[in-house]
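Residues annotated as domain 'CBS 1' in Swiss-Prot: 37-97. Annotated ADP 1 binding site per Swiss-Prot: 42, 146, 166, 167, 168, 169, 291, 292, 293, in sequence order. Marked as domain 'CBS 2' by Swiss-Prot on the basis of sequence analysis: 118-181. Per Swiss-Prot, domain 'CBS 3' is recorded for 194-253, and the stated evidence type is sequence analysis. Per Swiss-Prot, the feature AMP binding site maps to 195, 200, 221, 222, 309, 310, 311, 312; the stated evidence is experimental evidence. Residues annotated as ATP binding site in Swiss-Prot, with experimental evidence given as evidence: 195, 200, 221, 222, 309, 310, 311, 312. Residues or ranges marked as ADP 2 binding site in Swiss-Prot: 195, 221, 222, 309, 310, 311, 312. Annotated domain 'CBS 4' per Swiss-Prot: 262-322, in sequence order.
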């Protein structure tokens, strides 16, 4: 039975009120409120070798780490998978300099990124006592899925790295604490928040170096893998690249995506899908229950039609539809 105009209007009003309520909630909380009672934080010194920092990330199953400059006693940026991908691209384009890779330190990344003409290490940060809404805005502005929380010692005035806040943790915090998410009943296809145009995809036979270029050029964290008929079958993530580097594959990136996935770790979290008819209430419930980083949007038979990222969801909650 088709919904009446009155019922559609009621759903629309309820959704708008729910979004406004969630915004007020985000303004009333600070980043401290989101942090667990106890947690572990790994901070890397900028003098550390890049290959050693890679092992630290992989051994601890993390995708980023704050950097600390011990010479200046200051926060020096956030190391992410993007930085390692930049290293791969640099040595792939400059094979004559490949012998230097084992000597590369983290503070040398800026030279590589400058040579490539790509963004430098992300140095955006926020004080943990600022409103959560403000932290969300800063993440959207820097086009990053995470932001370091930097405090200051009251006596010495030295910076203190408190933690790294992620979009996933914020949205899960909202899903756990805001019952208003149950009123987000408008289908996501009607909200204009799905990325559909110019979305890159690959196939199992696509060379990994081509996918790496898609990741950097599109500034995305994953590329969906489809078959010859457009059906979604898997995803290649930026994190998967780290496993290749650990295996020493810096300059032999002609191997296919299918071959690369054979090296994927067993703790892969899987591919999450939805349709245009799904509602944000359902999406938020999934975020509450599982560690989700994106939803690939498929049609009724499983063909890929778009992607809904955590950034898309956060942007809608903060700023409304596009």
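Backbone N, Cα and C atoms are what each Cβ position is placed from, and that goes for glycine too.
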Looking only at the domain 'CBS 1' (37-97), how are its residues distributed among DSSP helix, strand and coil? 26 helix, 16 strand, 19 coil
Rounded to an integer, what is the Cα-Cα distance in Å between residue 312 (AMP binding site) and residue 293 (ADP 1 binding site)? 11
Largest inter-residue Cα distance among 195, 221, 222, 309, 310, 311, 312 [record-listed ADP 2 binders, Å]: 15
Which one is it: of the binding-site residues 195, 221, 222, 311, whose Cα lies the shortest distance from the Cα of residue 166 (ADP 1 binding site)? 311
Spatial neighbours, same chain, of residue 42 (ADP 1 binding site) - Cβ under 8 Å, 6+ residues apart: 56, 60, 62, 65
What is the biggest Cα to Cα gap, in Å, among 42, 146, 166, 167, 168, 169, 291, 292, 293, the residues listed as binding ADP 1? 22
If you count other CB atoms within 10 A of each CB, which of 200, 291, 293 wins among these binding-site residues? 293
Given residue 222 (AMP binding site) and residue 291 (ADP 1 binding site), what distance in Å do their CA atoms have, once rounded to a whole number? 15
Residues sitting within 8 A of the centre of the 195, 221, 222, 309, 310, 311, 312 CB atoms (ADP 2 site), not counting those, run 145, 220, 293, 294, 307, 308
Among 195, 200, 309, 310, these being the binding-site residues, pick the one whose CA is nearest to that of residue 168 (ADP 1 binding site). 310
Residue from 195, 221, 310 whose C-alpha is spatially nearest that of residue 293 (ADP 1 binding site), among the binding-site residues: 310
Indicate the candidate from 166, 195, 222 with the smallest number of other Cβ atoms within 10 Å of its Cβ, considering only these binding-site residues. 195
I need the CA-to-CA distance for residue 221 (AMP binding site) versus residue 291 (ADP 1 binding site), whole Å please. 15
